[in-house]
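Scroll down for the structure; my scribbles are underneath it.
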Amino acid sequence: MSLPSNLHPDEASPPWLNKGDNSWQLTAATLVGLQSVPGLVILYGSIVKKKWAVNSAFMALYAFAAVLICWVGWGYRMSFGDKFIPFLGMPNVSLDAQYLIDRAFLGYLPNATMIYFQFVFAAITLILIAGALLGRMNFLAWMLFVPLWVTFSYTITAYSIWCPGGWLAKRGLIDYSGGYVIHLSSGVAGFTAAYWVGPRTTRDRERFPPNNILLMLAGAGLLWMGWTGFNGGDPYTVSTDASLAVLNTHVCTATSLLTWLILDYIFFGKPSVVGATQGMITGLVCITPAAGVVQGWAAILMGMMSGSIPWYTMMVLHKKVWFLKQVDDTMAVFHTHAVAGSLGGILTGVFAVPKFNRLFYMVTDWQHYIGLFYGFHDGRTTAGFRQLGVQLLGILFVVFVHATMTSIICLLISLVVPLRLSEEALQ
């Protein structure tokens, strides 16, 4: 039976191109882009004091634009290109017309689509880091920080974990959609940068109310709904696995939000709209490394833990641990992204289903991809413990890379311009 005329391969639609996959990938990338612009632009601009609204929103807007130029200039090939060193690709431009229409390294997509999709992930990582620095960072220092960090920090973990030639990818680390590459990375980098930049004014630390709660919820809603593209786009194909990832994402997020609200009510006597937003974010972050490789019941359990463990670290532990109290992390990205991302990575090593991993990774070697729970169930305990070990190794690597590189970048910038605004400007 012959194909309809509109599906015949031609010069613009080569035989390897899947129009459905390409359409969804472009849509998913745009959904992720909307999480940043306008999502986090609105969220940051409305969750801070009125005097910081424009500055905070502008930090997000600038990062989105600056990352794209770095990405097509050299960042994409450093993250997904030819091997340069074991944890980094060769820097190269990604703007040649022939390169852009050639087939990408994964999926039935052109390079142009893959570059766009991976760009929005790199951009949101920088914007999440900004959340830890709101209310005092010198904007000129931020303008320098963004290109330096995406070049010398983000590319290392992206290549190591997501590029097929990366050393952690070869070891079988499961990071479905960025629990490590985006959320743990931004949480560690944001916390580290906040340490070097220094705190807000005492008045701002003591009282920093949202200037518009309804707009804050609108930004949070864009973030939540945009996660359909965030997790649903990572199989690079319109598959059953993509559908599973989308549903698991929303189930875990809803569970996490409700768990956080219940804990707020039990311990503080009333639910909090800011708390609900935090619980939403921790649920989204926790399910991200596992979205398409776990069962629905596991997504519920992960939501319960992502709504309670980061709640405990933020509401209880943060007030008791001396070092945590010293660092002014404005949006608590350490708890919502580093803690929740690590939690998700560990639980992925527990709940990952071998069959779902096979659907996602399209491999026959299941030794790399079996959660501890299924290792016990299938009599492959050693493989299950090995997977959990790889997940923990990934956490240590990401923490080391971003704590080190972020510190170096901040110290270098401080030699040129102050990281923090002057006390006079802050007042």
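Glycine is treated like the rest: Cβ placed from N, Cα and C.
Feature list (source: TrEMBL):
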- 24-425: domain 'Ammonium transporter AmtB-like' (DOMAIN)
- 24-45: transmembrane segment (TRANSMEM)
- 52-74: transmembrane segment (TRANSMEM)
- 115-134: transmembrane segment (TRANSMEM)
- 139-160: transmembrane segment (TRANSMEM)
- 180-198: transmembrane segment (TRANSMEM)
- 210-227: transmembrane segment (TRANSMEM)
- 247-268: transmembrane segment (TRANSMEM)
- 280-312: transmembrane segment (TRANSMEM)
- 332-353: transmembrane segment (TRANSMEM)
- 392-417: transmembrane segment (TRANSMEM)
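Counted over residue pairs separated by six or more positions, the transmembrane segment (24-45) shares fewer than 3 Cβ pairs under 8 angstroms with the transmembrane segment (280-312), which leaves the two as not touching.
Sequence-distant contacts of the transmembrane segment (52-74), counting only residues of its own chain at least 6 positions beyond either end whose CB sits under 8 Å from a CB of the stretch, comprise 33, 36-37, 40-42, 44-46, 91-95, 115, 118-119, 122-123, 126-127, 130, 133-135, 137, 139, 142-143, 146-147, 150-151, 211. Within the chain, the transmembrane segment (392-417) has long-range Cβ neighbours (under 8 A, six or more residues past its boundaries) at 138, 140-141, 144-145, 148-149, 152-153, 156-157, 160-161, 168, 171, 173, 175, 180-181, 184-185, 188-189, 192-193, 196-197, 342, 345-346, 349. Confidence over the domain 'Ammonium transporter AmtB-like' (24-425), given as mean pLDDT on the 0 to 100 scale, stands at 94.
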